[in-house]
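S.K.: As annotated in TrEMBL:
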{"type": "COILED", "residues": "77-138", "note": "coiled coil"}
{"type": "DOMAIN", "residues": "1-61", "note": "domain 'MADS-box'"}
{"type": "DOMAIN", "residues": "84-156", "note": "domain 'K-box'"}
């Protein structure tokens with residue numbers, strides 16, 4: 001008795017869909033292993049279920065990166081260019097932030113002020129005044145805490 005043909009469409013019942021996925025995943029993994037052993041093929045399978053669960057198989061003689069690299073070479077498609085470009089853009093952005101922060105530090109130290117106009121110098125002055133207030137407040141609090149501690153130690 002042969003198997004009946006089924007219509008290939010999404011299984012609406014979530015329980016049935018999960019059971020079918022699990023059985024077919026097991027079957028495709030078995031077929032991949034058989035291809036590797038019987039035909040000396042290099043096979044890599046990556047699957048994500050509808051719930052996001054990850055499954056993979058890769059032939060023992062290779063790894064997934066080598067498979068992707070061979071795919072790129074044969075197909076002429078560069079799989080990594082978009083990711084590389086995003087990483088380059090992110091790196092350039094972080095370098096610019098680093099340069100700006102270093103310039104700001106130098107300016108707060110009184111260096112690298114030649115190219116600044118009057119508004120930038122006023123802004124720097126305000127920033128330094130605010131920072132000075134914070135330092136003075138912290139100093140006063142520390143002195144008060146120290147004095148309180150000393151009184152406590154001497155009069156206890």
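Glycine is no exception: its Cβ is also placed from the backbone N, Cα and C atoms.
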S.K.: Which whole number is the mean pLDDT over the domain 'K-box' (84-156)?
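M.R.: PLDDT averaged over the stretch: 87.
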S.K.: How does the domain 'K-box' (84-156) divide up by DSSP, counting helix, then strand, then coil residues?
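M.R.: Per-class counts: 63 helix, 0 strand, 10 coil.
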S.K.: Please list the DSSP helix, strand and coil residue counts for the domain 'MADS-box' (1-61).
M.R.: 26 helix, 10 strand, 25 coil
